[in-house]
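S.K.: This is the structure I have questions about; it appears just below.
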């Protein structure tokens with residue numbers, strides 16, 4: 001083996017080692033909570049839904065209004081978050097009755113409370129409603145000020161989760 005091949009092999013080993021031993025963490029700037037490869041942060045202040053989207057991006061690059069993709073994730077958030085009505089990324093702003101996540105993720109899971117979404121007085125934005133035991137969701141007027149929930153992938157880990 002020539003010297004250049006040895007250097008290449010050692011470099012490759014160092015890179016693989018660095019990737020596999022990378023510390024996967026949530027940002028340290030706020031009280032982020034970790035669950036299933038993602039970090040969650042509940043705001044301590046209230047804003048309108050559109051401003052909440054911008055606030056998540058400001059709090060940490062790559063953060064967005066939370067998506068909730070399973071009953072287990074919803075239960076984690078319900079147990080972790082102390083605020084009781086939080087904006088999430090779910091909305092039907094573009095097409096009434098067709099709820100989508102603001103970050104483009106598929107809307108495969110929903111957990112609406114009974115008779116919701118109801119679009120009462122033009123309610124187009126999703127709220128997690130943790131003041132009930134069930135943690136079900138509601139739709140509300142996007143122009144109301146509410147606390148909000150940000151979500152982002154854990155940082156420091158390769159996408160494949162090695």
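Positions of Cβ are set from backbone N, Cα and C atoms, glycine also.
Here the structure is a predicted model, which means the values were calculated and not measured.
Below are the features listed in Swiss-Prot for this protein:
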- 26-39: disulfide bond (DISULFID)
- 56-150: disulfide bond (DISULFID)
- 125-142: disulfide bond (DISULFID)
- 25-152: domain 'C-type lectin' (DOMAIN)
- 1-24: signal peptide (SIGNAL)
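How about a rundown of where these features are and what they're close to?
M.R.: All protein chains considered, the CB of residue 39 (disulfide bond) has 22 other CB atoms within 10 Å. In the three-state DSSP assignment, the secondary structure recorded for residue 39 (disulfide bond) is strand.
Its Cβ placed at the centre, residue 56 (disulfide bond) has 25 other Cβ atoms within 10 Å. According to DSSP, residue 56 (disulfide bond) is assigned to a helical segment.
Under DSSP, residue 125 (disulfide bond) is assigned to a strand (E or B) in the three-state scheme.
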S.K.: Run through the domain 'C-type lectin' (25-152) and tell me, per DSSP, how many residues are helix, strand and coil.
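M.R.: Across the domain 'C-type lectin' (25-152), DSSP assigns the residues as follows: 21 helix, 38 strand, 69 coil.
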S.K.: Looking at the disulfide-bonded residues listed here (26, 39, 125, 142), whose Cα lies nearest to that of residue 150 (disulfide bond)?
M.R.: 39
S.K.: On a C-alpha basis, identify the one among 56, 125, 142 that is nearest to residue 39 (disulfide bond); the candidates are the disulfide-bonded residues.
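M.R.: Of all the candidates listed, 56 is nearest in space.
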